[in-house]
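Features as listed in TrEMBL:
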{"type": "TRANSMEM", "residues": "20-42", "note": "transmembrane segment"}
{"type": "DOMAIN", "residues": "33-145", "note": "domain 'G-protein coupled receptors family 1 profile'"}
{"type": "TRANSMEM", "residues": "63-83", "note": "transmembrane segment"}
{"type": "TRANSMEM", "residues": "95-120", "note": "transmembrane segment"}
{"type": "TRANSMEM", "residues": "132-153", "note": "transmembrane segment"}
{"type": "TRANSMEM", "residues": "191-213", "note": "transmembrane segment"}
{"type": "TRANSMEM", "residues": "233-255", "note": "transmembrane segment"}
{"type": "TRANSMEM", "residues": "261-283", "note": "transmembrane segment"}
{"type": "REGION", "residues": "311-347", "note": "region 'Disordered'"}
{"type": "COMPBIAS", "residues": "316-327", "note": "compositional bias 'Basic and acidic residues'"}
{"type": "COMPBIAS", "residues": "328-347", "note": "compositional bias 'Polar residues'"}
Amino acid sequence: MSSGPNSTSPGSQIDQLSLGIIVIGISFVGFLSNGLATWFVATDPQFRHSTGIICINTTFANFAYSTIYLCFVGPMMIMGLGWSNSEPMTSLSVIIWYLFFVGQYCAFCLSMNRAIAVLFPLSYYQHATVRLTIWLCSFIWIAAIGHLLFFILKICPGVQFNAVQSYLAISSWSDSAKRCVNFLRVNIEMYLLISLSTISLLSDMSCAARVLFSSTIRTKMKASDLQFLYQSLCASVFLCIECVLAGYVVATATITNLTQYFVLTTMNRVLGRAISGILVLVFHRKLRTRIVLTLFSICLSPDQQVTLVQPLRPHPPAERATKESNKSTDTNGSASPFPQRLRSSPI
């Protein structure tokens, strides 16, 4: 962490000040939305399934990422401080990249979870268990550490890849081959992120197409299930935008473009995580109802709170059992094409 190259000029200070204010504003939105989403999803027993567990990890990683930008990165931008990859990484930048990798992996797993649930529902409900999802999320947090260690070794000064350097020293290699090997060595993690984002986007688009053009699946899926699909689709789009920006900068590789890349990717990452948290809150009716009730409970008396919550209470057991028995068979007396387990379990 050091002063930027143009931090002494008034124009650069104005740009840093305006950028810092914008980053703080967007980070506050991401901090609030992802914090509320993490709290409501974690405390709701109905989200104790595979998709809900992955969503909790995603929103928590985005919440921590937005918190660091809100409390540290934004104020540092306002003070005229910047980041430089040519210097040893500080503990703060290590945490930022670690949370960034965790968020990317969780978004990828959320997209793949949605794709398998929509495209292969029978296999999904036979093999997708809560325990397996917990192990998967634990592996994500551990795998991000390995990715982070490779990233630190790549960008820290003084660390040389002797094997690669010896290959590049071979005189028989052409200049284009040397440039290609060096390009792959420097940008291998960028290709990994591009691959994950491309797979996520294709899987989400295929799920969205099947849901939109299949009336059977659309009628059997709940509204909250569709909103998980929309949330993962938006996250994949933001990830692809970021990777396109990174590829443009890697192809040009100039100082001016690197500065533009830092500004664009910073805004894209913070904005993407803020929008992801907002989508979780807005698209889920139960979470939206709980937020409204929580806000109104601060201003209402206990009697008014009971009146407000009473219409949201579940049906009596007898009435609920009657409705469930009516839903199990259609009007013609034929069974539903989907098993009861598929229709009752959240996708």
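Each residue, glycine too, has its Cβ placed from N, Cα and C.
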_For the transmembrane segment (63-83): best-contacting stretch of 95-120, 132-153, 191-213, by Cβ pairs under 8 Å_ = 95-120
*Kindly report the helix/strand/coil residue split of the domain 'G-protein coupled receptors family 1 profile' (33-145) according to DSSP, in that order.*
95 helix, 2 strand, 16 coil
